[in-house]
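What follows is a short report on a single structure.
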Amino acid sequence: MTTSASSHLNKGIKQVYMSLPQGEKVQAMYIWIDGTGEGLRCKTRTLDSEPKCVEELPEWNFDGSSTLQSEGSNSDMYLVPAAMFRDPFRKDPNKLVLCESFQVQFEGPAETNLRHTCKRIMDMVSNQHPWFGMEQEYTLMGTDGHPFGWPSNGFPGPQGPYYCGVGADRAYGRDIVEAHYRACLYAGVKIAGTNAEVMPAQWEFQIGPCEGISMGDHLWVARFILHRVCEDFGVIATFDPKPIPGNWNGAGCHTNFSTKAMREENGLKYIEEAIEKLSKRHQYHIRAYDPKGGLDNARRLTGFHETSNINDFSAGVANRSASIRIPRTVGQEKKGYFEDRRPSANCDPFSVTEALIRTCLLNETGDEPFQYKN
C-alpha cells in the first residue's frame with residue numbers, strides 16, 4: 001500500500017509555525033461541493049476579527065471552470081456561507097465555513113448546490129420537527145487504490161471478525177478513526193459514534209440527530225474533516241458504494257428519520273403511513289440516493305451483503321435486508337423512527353433528506369419532484 005508524499009513531511013517543523021501567534025486575525029476555510037456532486041473544494045481567507053455567526057461572514061468567489069462547474073469564458077462563481085464550525089486543524093479562533101455555490105451572484109444555485117432547494121423544503125415542514133441521523137460508511141485506501149492493511153498480492157481472511165473488531169489483525173486504521181472522531185467533536189459536528197464495519201478497512205461514523213437542513217451541513221463537514229485527517233496520514237477515504245467487487249460488503253449511508261408525531265405515543269402509526277408512501281415511490285428515491293441517479297447503488301443493492309435489491313421495495317422489523325428497517329425497539333414501543341437503508345455512501349445528504357420530506361410529509365407522488373412556487 002502506498003501513502004502520499006505529503007504525509008512523509010516533518011510535521012514537527014510545521015508545528016513550529018502553527019504555534020506562532022496570529023494576532024486579531026482569523027483564518028476562515030470556505031468549503032463547497034464541486035461539479036461532481038461528491039468532491040469537496042476549499043480555500044482560506046483572512047478575517048479581521050472572529051465571526052460570531054454565519055451571517056457575519058463575507059461572500060466570496062472562485063473559478064468554476066476549475067471545479068467542473070462552469071465554462072472558462074464565464075467562470076466566476078460565488079460562495080455564500082451557510083454553516084460555520086470551529087477549525088480542528090488550525091484551532092480557535094479559526095473557522096470552517098460550509099458554503100452554497102451560485103452560478104451568478106443572487107441568480108440561482110449551481111447545479112450541485114442541492115442545499116438551496118433542500119432548505120426551502122425543510123422550511124415548509126419545520127413545524128413537524130423532522131430529525132435525521134445518517135450512518136456514513138467509508139473505506140480506507142492507499143494512494144494506489146489498494147485497501148489499507150490488505151495484503152499486497154491477495155486478500156485478507158473472510159468477513160466475520162472485522163465488524164466492531166479489536167486487535168491488529170481485525171481493526172485496520174483505528175488511529176485515523178480516533179483522530180477524525182475527536183476533530184469532529186472539537187469542530188462542533190454532531191457525531192454520535194463510530195465503529196469498524198464488516199469489510200476490513202471499512203469504518204462507519206454516525207451523525208445526528210440533526211433537525212432539518214443541519215443534517216446535510218453536519219455530514220458534509222464531517223466528510224471534509226475525514227478527508228483532511230486522511231490527508232495528514234497519507235491515505236484516502238473513499239465513499240464508493242462498492243469499492244471492492246466480489247464477496248465483500250459495500251458501503252452505504254443508512255438514514256434514520258422521524259417527526260415529532262412519530263416520536264410521540266402511538267407514533268408507529270405515522271411511521272407505517274410514511275413507509276406506505278415510500279413503497280409507491282421507490283424509483284424516485286433510488287435516483288435521489290446516489291449522485292449518478294442510481295447507477296452507483298446498482299453495484300451495491302444486490303440483495304446480498306445486508307442490502308435489499310435495487311429493483312424491489314421491502315420493509316420489515318429488524319430486517320437488514322429490507323429497503324426500510326423498523327428497529328425492534330420501535331416495534332415494541334410503538335414510537336420512534338425508521339431506517340432507510342437504500343442511500344449509498346456517496347449520496348448527497350441534502351438530496352436524501354429532501355426526498356424523504358417530499359414523499360413522507362408533503363405527500364408527493366410520481367417520479368419527479370413537485371415544483372413549488374416561491
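Residue 1 is the first one shown; counting continues down the chain.
In case you wondered, yes, glycine gets a Cβ from its N, Cα and C as well.
Residues or ranges marked as Mn(2+) 1 binding site by Swiss-Prot: E135, H254, E339. According to DSSP, E135 (Mn(2+) 1 binding site) sits within a strand segment.
The ADP binding site annotation in Swiss-Prot covers Y337, F338, E339. For F338 (ADP binding site), applying a Cβ distance below 8 Å and a minimum sequence separation of six or more within one chain yields N256, F257, S258, M262, I271, A274, I275, A315, I324, R325, I326, P327, V330.
The domain 'GS beta-grasp' annotation in Swiss-Prot covers 24-106.
According to Swiss-Prot, the domain 'GS catalytic' annotation covers 114-374.
Summarising the annotation, Swiss-Prot assigns N6-acetyllysine to K11 (among others) and lists similarity to another entry as the type of evidence. Over all protein chains present, the Cβ of K11 (N6-acetyllysine) has 10 other Cβ atoms lying within 10 Å.
If you look up Swiss-Prot, you'll see K14 (among others) marked as N6-acetyllysine, on the strength of similarity to another entry. Around the Cβ of K14 (N6-acetyllysine), the number of neighbouring Cβ atoms within 10 Å comes to 11. In the three-state DSSP scheme, K14 (N6-acetyllysine) is classed as helix.
Annotated phosphoserine per Swiss-Prot: S344, in sequence order. In this structure, S344 (phosphoserine) is part of a beta strand by DSSP.
Cβ neighbour count for E135 (Mn(2+) 1 binding site) (all protein chains, 10 Å cutoff from its Cβ): 22. It is 42 Å from the Cα atom of E339 (Mn(2+) 1 binding site) to that of K11 (N6-acetyllysine). If you compare Cα positions, H254 (Mn(2+) 1 binding site) sits closest to S344 out of the recorded positions K11, K14, Y337, S344. Using CA atoms as reference points, the recorded positions K14, Y337, S344 were checked against E135 (Mn(2+) 1 binding site), and the closest is S344. Listed in chain order, the extra residues whose Cβ falls within 8 Å of the Cβ center of the Mn(2+) 1 site residues E135, H254, E339 are G133, M134, G252, C253, T255, N256, R325, D340, R341. Sequence-distant contacts (6 or more apart, same chain, Cβ under 8 Å) of Y337 (ADP binding site) comprise W131, G133, N256, F257, S258, M262, R263, I271, P327, V330. Here the C-alpha separation of S344 (phosphoserine) and K11 (N6-acetyllysine) works out to 35 Å.
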